[in-house]
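Report on the following structure.
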Ligand code: SAH
Ligand code: SF4
Ligand code: F3S
């Protein structure tokens, strides 16, 4: 028992058993891979924050590649350093400031080095960044990446440049991302940008602008290309995928999220389909029935609750109540099945949250027993509705104590869910070598839990049936029972 209740830091350090979402949640940066196509100049790109940011870095790399750059994983070798930033909590921004101080030492040795700040923090601080951080040459917001060739030309002339224009239309639909974070098995596909929700704690609507959905034809095209390259899993990305809504210019073709999900699932039965993030107010039964209908759409939903108390949810402007959330969980279990993986996000110590209200978050967790969760202490962000309307009045130590209670309870629930998986056979997509041993592979089951097992005769990208015989808090362990033969061809 004792071993299983490992501290959060240990779990964070034990990176191999973390999903991509978990890595993102604990703010580990993604670093560009080595790419040698003969381009003369080298770009080093480091990305923080959510999967949207990681996905954007792949768009940026594609644009820079056409503009004469290959990527490198060594900042010492770089002609240009980009840092793709996140503003979601204060510590995310602090990390970037610390990193810039380290880049400064490099720039002192190499005067020609260009340093660009991209992403949400660039958008939030705009030209102020150039005043605050003298080493920065370029400040580029998330909708301005097409302008990179012009901005780079400015930098090459020795000028500083800023473009933080937010667009109502930009989706980068026609740009083929250069897969930076890829194991060749799973890829992220962005389906929409921005967010119109205005949750009162959240900076995203200000850094990413208005919500817009990408043309489904370009999503399908990108996914077919991935399948042709041998990819076996796509994760459809958006801040609120359930509000995906697209229509053709003449209005004759309309696609909602459930329909998009179906179109992607139909591309190939061998392609696993995941998506993130769902919003409790918007997730429809139509989406749940679509998940149920297609075996290759994973039985896993990330459904952030934020708080278990309806008054706090109202202050957060989440536009649902505790009862509504629990009803959605019930619908997931009724329609998809009792064992559907559900994960969540929680914020502790939001403005005016009382002890009793915090207890309601714990009791909601007890009712649902999430498979996993990403848990945060409230961090006031400049310009948000909460910062303007409410006092950030919960003392830091209370926020942290509540956070620890939430984390401890979640650890019990993760272990509970993992124990439920014992003795059962799980279909796992082989995603890579386990970091602990080159004799083992790791992958995930449909419910998104990491499974580690001896390699046997399978290879990366195979589907295998694994009998789970043991578990820790974050990982299932087992052995292969059979390698599942692949069935299909691609349908357009
Ligand atoms: N679009 C997603 C969330 C994106 S941000 C959704 O609506 O659920 C990821 C998570 O960061 C949020 O779910 C929330 O739990 C957390 N978060 C956002 N703003 C925060 C803040 N100011 N302080 C602490 N956590 C925050
Ligand atoms: Fe932020 Fe809310 Fe939008 Fe999520 S839905 S990105 S929490 S405003
Ligand atoms: Fe961070 Fe921006 Fe994503 S604030 S969480 S990188 S949308």
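All residue numbers here begin at 1 and follow the chain in the order shown.
Each Cβ is built from the backbone N, Cα and C atoms, and glycine gets one as well.
What you see is a predicted model, and the numbers here were worked out from it, not measured in a lab.
Annotation source TrEMBL lists domain 'MTTase N-terminal' at 41-157. The annotation [4Fe-4S] cluster 1 binding site is assigned in TrEMBL to 50, 86, 120. The domain 'Radical SAM core' annotation in TrEMBL covers 181-417. Among the features that TrEMBL reports, [4Fe-4S] cluster 2 binding site is placed at 195, 199, 202. The annotation domain 'TRAM' is assigned in TrEMBL to 419-482.
The binding-site residues 86, 120, 195, 199, 202 differ in how many other CB atoms lie within 10 Å of their CB, and the one with the most is 120. Only 195, 199, 202, in sequence order, out of the binding-site residues 50, 195, 199, 202 have a CB under 6 Å from ligand 2. Among the binding-site residues listed (50, 86, 120, 195, 199, 202), 50, 86, 120 have a CB atom closer than 6 Å to some atom of ligand 3, in sequence order. With DSSP states grouped into helix (H, G, I), strand (E, B) and coil, the domain 'MTTase N-terminal' (41-157) comes out at 63 helix, 24 strand, 30 coil. Distance between Cα atoms for residue 199 ([4Fe-4S] cluster 2 binding site) and residue 120 ([4Fe-4S] cluster 1 binding site): 17 Å, as a whole number. Per-residue pLDDT, averaged along the domain 'TRAM' (419-482), amounts to 96 for this model.
Of all the Cβ atoms in the protein chains shown, 21 others lie within 10 Å of the Cβ of residue 50 ([4Fe-4S] cluster 1 binding site). Residues in the domain 'TRAM' (419-482) partition by DSSP class (helix H, G, I; strand E, B; coil) as 3 helix, 36 strand, 25 coil. Close to the recorded [4Fe-4S] cluster 2 site, the chain also has 197, 198, 201, 203, 204, 205, 239: residues not among 195, 199, 202 whose Cβ is within 8 Å of the site's Cβ mean position. Each of 48, 49, 52, 53, 85, 87, 88, 92, 119, 121, 204, 207 belongs to the same chain as 50, 86, 120, is absent from that list, and has a C-beta within 8 angstroms of the C-beta centroid marking the [4Fe-4S] cluster 1 site.
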